[in-house]
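Engineer: Attaching a single structure in structure tokens format; questions to follow.
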Amino acid sequence: MKQLLKQDKLAESFSIAMLLALVGGYLDIYSYLARGKVFANTQTGNLVLLGYNIAQGNLEKILYYILPISSFVGGIWLAKIIEYKMKEGKYFDWLHFLLGIEIVVLFIVMFIPEGKLNVIANIMVSFVCALQVQGFRKVNGNSYSTVMFTGNLKNVAERFSHYSITKESDALENGMIYLGITLMFVIGGWLGALITMEYEAKAVGLVNIVLGLVFILLYIEKRRDI
């Protein structure tokens, strides 16, 4: 399928989207299982729980949920500033810089003990997710998210529905792209659950291997284009 093989820009390729979707699913279940039932990726759940605790007047829990939400917003803000301010380098660009920050932050999270310091870990993981969602926004020309999947799931149904009506091959191909990254997100959640239940806080280290692979692939592409 032409769309699946198209890689005009590696950062927007299907292969990179699959790797980052794996990271997204993994981090979400990691923060939920190892860090006090907080969703690091999709702030929707945290916003709902924030509202619930406001209704309960539970100040401690209000802060518990508002901090990762604020961290996510701050991460988006910083990523946008980096995108606009950072000059294109010979070997690296702003996406390499974002990935480098993600790797360093998650390395630190590995060594934060579970318990009272979970709130710090969740702030940092939410920050990482924000950098990723802002840095990688397209796959083969289509808008998508590597960490928030309601929109991606909607696009799966929409593209397949469009194909069933029009028989347009592009709709089918795009539907397969969205389905692929959605399934990879689920696989990330499954893998993350197994590893987190075994290794607890340190389980986040596996994510850095995947992010490091993405960094290397983008670096190789950059060198090739010199």
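Using the three backbone atoms N, Cα and C, a Cβ is placed for every residue, glycine included.
What TrEMBL shows for this protein is this:
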- 12-33: transmembrane segment (TRANSMEM)
- 62-82: transmembrane segment (TRANSMEM)
- 94-113: transmembrane segment (TRANSMEM)
- 119-136: transmembrane segment (TRANSMEM)
- 176-197: transmembrane segment (TRANSMEM)
- 203-220: transmembrane segment (TRANSMEM)
Engineer: Sequence-remote contacts (6 or more beyond its ends) of the transmembrane segment (203-220), Cβ cut-off under 8 Å?
Structural biologist: 10-11, 15-16, 19-20, 22-23, 26-27, 30, 34, 91-92, 95-96, 99-100, 102-103, 106-107, 109-110, 125, 191-192, 195-196
Engineer: For the transmembrane segment (119-136), give me same-chain residues lying six or more residues beyond its boundaries with a C-beta closer than 8 angstroms to one of its C-beta atoms, as numbers and ranges.
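Structural biologist: Same-chain contacts beyond the ends: 11-12, 16-17, 20, 23-24, 27, 30-31, 35-36, 38, 40-41, 43, 63-64, 67-69, 71-76, 78-80, 83, 94-95, 98-99, 101-102, 105-106, 108-109, 112, 145-148, 201, 204.
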Engineer: Can the transmembrane segment (12-33) be said to touch the transmembrane segment (94-113) if we require at least 3 CB pairs below 8 Å and skip pairs under 6 apart in sequence?
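Structural biologist: No, the transmembrane segment (12-33) does not contact the transmembrane segment (94-113).
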